[in-house]
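Residues or ranges marked as domain 'ABC transmembrane type-1' in TrEMBL: B:120-333. Residues or ranges marked as transmembrane segment in TrEMBL: B:20-40, B:52-75, B:126-145, B:157-177, B:207-230, B:250-272, B:313-336.
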Amino acid sequence: MTKQFRIALAAGVASAALTAGAAFAETELRMAWYNDGIEGEVMQDILDRFNADNPDINVVLDVLPYKAILESLPVQLAAGEGPDLARVTDLGGLSQYYMDLTPYISNPDYWRENFGPFLKWMQPVGAEPQISGFMTQLTVTGPYVNKTLFEQAGVAMPGENATWSDWAAASREVAEKLDIPIPMAWDRSGHRVAGPAISMGAGMFDADGGPALVDDGLKAMATMLYDWHQDGTMAKELWGSVSGSQYLGANEEFANAQTVLYMSGSWQIPQFAEKIGDAFDWWAVPAPCGPAACTGMPGGAALVALKTSEHPEEVGKLMDYLSSEEVLNEFYGRTLFIPGHLGLAKSGVDFQTEDPRAEHALLTFASAVPGISPIAFDLQGYVHNRVMFNALISRLGEAIVGELTLDQAFDRMTQDVEQQIAEKQREN
Amino acid sequence: MAFDTDPRAEPVRLSDRVYAILALPAMAFFRLFEWPLRFLQRILGIGAMPYVFLFPNLAFFGIFVITPLILSIGFSVTGGTNLFLQDRPYVGAEQYGYLLECGNHLDPTTCREDRFWRAIYNTGTFVFFQVGFMVLFSLITALILNREIRGRGFFRAVFFFPVLLSPVVVALIWKWILLRDGVLNAALVSMGLERILFFVDPTWSMFWAIFVSVWAHMGFYTLILLAGLQAIPPDLYEAAEMDGTSKERVFWRITLPLLWPNMLVVIVLALIKAVQIFDEVFVLTGGGPGTATQFIVQYIYTTGFANQVQNFGLASAASVVLGVVLFALTIVQLAVTRRKDEG
Amino acid sequence: MTMASTSSSGRPVLGFLTRRREGGQWHWTDVFTYVYLVLGVLLMFGPVVWLVLSSFKTPAGLLEFPPTLLPLGQIEVQVEGYDDPLPLFAVTMEDGTVKELAQIRRIGIMAQMVDPENPGERVSVPINTREPIREMRVATENYIDPLETFNFLRYLQNSVIVTVVATVITLLINSMAAYGLAIYDFKGRNAIMLFVIGTLMIPVTIVLVPTYLVVTQLGMVNTLWAVILPGAATPTGVFLLRQYMLTIPKDLIEAARMDKASEWTIYWRIVLPLSLPAIAVLAIFSVMWRWNDFLWPLVVLTRNEVYTLQIGLNAFQGELDVQWHYVLAMTVVTLIPVVLVFAFLQRFITTGIASSGMK
């Protein structure tokens, strides 16, 4: 055996031994995480303190590309592998793998009181009501506008209760006057479309609570979006340029004042505060209205405990610490996330920003929460919601580029949802 | 026989020193196995030796290639979202039926699984043009590099180096150039032309998918053709020149026929690689616009892995279909190589 | 095609093409050659050069259109009475003169500016009358920030271990198998060859999930072995080496057998040295495959201490934000080893492939 080879092997074996983990005196907990901004750093600070206070527990934060959380983690969990805790966004889809924390946390009532409505989102189908985790971030979808452009163009911003058509017309006017390439941009995401569709009267569910994606309300919204792409209000670059349900954002375009209105959500605040700063007034506005409601979609990422963990006691202890009002106040405050904790939502988080635009946006989105349609809440909690979102965006995208007619797209949406859910429900 | 006395290892000369360093421990390693294997040969006989040599590779092969392939076939005849085969209900050929059911196989919109068929037709278009251009440009480049030009080694390296880049890097580099505010659009605008949104137009997207993959892999095929060109006996050309034959005629009558075996290898290799194109185009165009550049491997990846309901059954059925096609192509290659050996 | 043909690589085989006809007349192919080569160099190198240049730009610089060739950043000046440095603008005043002013803040469509020479006086100007003043600024933070936030050396070490160990294993078992298939005539050889060729081009992507299942059952998840072993027995390698070994004259082997050399000895003392060019090609490809591997490690490695560079460098890619300045910089980082390998082994690689990629 060559020397180099032996060294390499030894190093490999050493790494392998390291990963086995169990041989340590302290209990090691692994937390799978992804980052949109600085939340990883903040969480690491908090974990460092926890680790210092609890010498018998060592929590390790594994920061992964979001792609791994979305695509690899489900396969790992299905194979019985996986971390002790994970920050996930597909709350319902993975719920079968969540651990019930109730026996391991010190005060389940505190959890029910403060995380109540969100616990439903993480509830495994057909199980007793359980406590699986908490929201690291509550998000609300809604539009941002470039207020400075409105002022420069001398166009008045549509006021309260304005409809999507009003906003589209106003954005178009501003764009025409100032020669802005994209009047209006939406994230390429079914989740973003769902809120406006509900505003237009979409019901999303049938009488039995089964999925019913395509109805008149959804058709109305989809048709508007389709028309906006044809008349240039929206750029085909976003929705037309990739296939399937891939996400594309217009945050770069918005930050560069290339678009007047950007439909996204509250999670953009920290990034805009950093990137745009005071280059122009980026302004969050309340969700525009339709005949049925003026709603965005709630959403967000949750930190959940996973069944695969061999140390539920320690996980409970960690969750107790992380979910405390004090720690969460710090976490939400530093990350500029809308709190997923009712007590904090009421008393107000001490957001650590002095940017008036960021403060305004946080306020706008936080105060939008009570106005969110119950359908939107149900949809966010529905276990197969991503199937619906994905069918919606991918087929609408195909219609926009002209591969399908709108009617064909609607039929395909229904078919996609049916087929995928049928496959999911096919059990032995 | 020692390393340095082999006349055919001539190209190694450049890196002799590196090899001298690497060779010593390697030789020690092989010597270590000298006695155990001699012993094995004595008790098993020389007839068993090929199996001994094959064993390690086949063992790995069996575990990490054949087993997954068999599992894939298992997945393709079962349904549900469970990962373990024993938990999955048997559904027979249902997945295949779903995949292949069409009102009219030439019109994807009439198919149950329209995306699969779109992917097939897209792959067909891509393969046809990509292989065509690949062969054309490799040939031109090889012919040019075969001339007596100064700095030939440099130019050879220039055309070859993209082969070593990862598909993701290749795609990112080009995406960065082709974006709406990218440097290519800047060039167009400065020439007084309109900006082109390349990834919104199906034809442009397909064009760039083909262009970028030719850009990235051309160097490899160029070298194969170059080797073929250099093997053509020079006296043939000298004779042609004596006769005053025109260069064009020499090319069609001598160069091309004699290069044909290499061309065939290039065509078949390029064909197989083109059928399984994925990463580059996925990063570059995301399969869009719509599904215009969504190819078969991306379809399988999305269906079985990236979707929320990871439909292993349907994805595996599509993999099996693709596997059959690839297998047929490799058999063709085998036949081609055989013929070439005999010729 | 035999090996002998390749050693002729330096010979002016197609001399007729470049030889000028009587009196040094230019044939159209001569012009075409040079045009093609110049365009080729631009087309092949240009994009990479552009990538490297872009990777040193600030996020704002990246957004600029038309893009500048060199990285530029806005000049910031320290003005008396202000704690933070202020950005400098060229402002066209109402009388048409252009002044260099520093911006204090922007309110709506007006900007409050101050003359750095005369800090006491503030002026308010419309924001569309000011242009940022820029200088060349290399945004090294694109590299430093991501590299600092994670354990770069650890990831590098893992990547190197994976690449080296996997390549060594691949070379060893592939060359043994190729030897077995090339030298011997035995029962089942054709079946095995068919197997090898049949699986030659199955892309990993389509057997991702079943392979993961196998790796889990072997308990290798989150160890480097999970990345090293599955790709070790590459059919491409066996195929490549075997085709090369077929060209080795059989009498050499017979002669060695006469001398009572064992089969193992023949393998490593005769056949391996003779196959060095092909082995080198496989080694280089193996290094590239392993170094660039992304999708598979992403599935089997979820713990920090086993991340390879490709995973670690991508960890900053979140759900909602593509940060081009980091993406470009990290792409350059992963490129560096490839460039180094290429720079040192370039001629060797190209001649090696020409001679062995043949069959």
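The backbone N, Cα and C atoms fix where each Cβ goes, and this holds for glycine too.
The stretch from B:20-40, B:157-177, B:207-230, B:250-272, B:313-336 that makes the most Cβ contacts under 8 Å with the transmembrane segment (B:52-75) is B:313-336. Nonlocal intrachain contacts for the transmembrane segment (B:126-145), taken as residues 6+ away from its ends with a CB within less than 8 angstroms of a stretch CB, comprise 152, 155-156, 159, 206, 209-210, 213-214, 217-218, 221-226, 228-229, 255, 259, 263, 266-267, 270-271, 274-275, 277, 293, 295. Within its own chain, the transmembrane segment (B:313-336) has Cβ neighbours under 8 Å at 69, 72-80, 88, 91, 95-96, 98-99, 113, 116, 264-265, 268-269, 271-272, 275-276, 296-297, 299-301, 303-305, counting only residues six or more beyond its boundaries. Same-chain residues lying 6 or more positions outside the transmembrane segment (B:207-230) and placing a CB less than 8 Å from one of its CB atoms are 126, 129-130, 133-135, 137-139, 141-143, 145-146, 156, 159-163, 165, 167, 170-171, 174, 178, 198-199, 255, 258-259, 261-263, 265-266, 269-270, 273-274, 277, 280-281, 284-285, 293.
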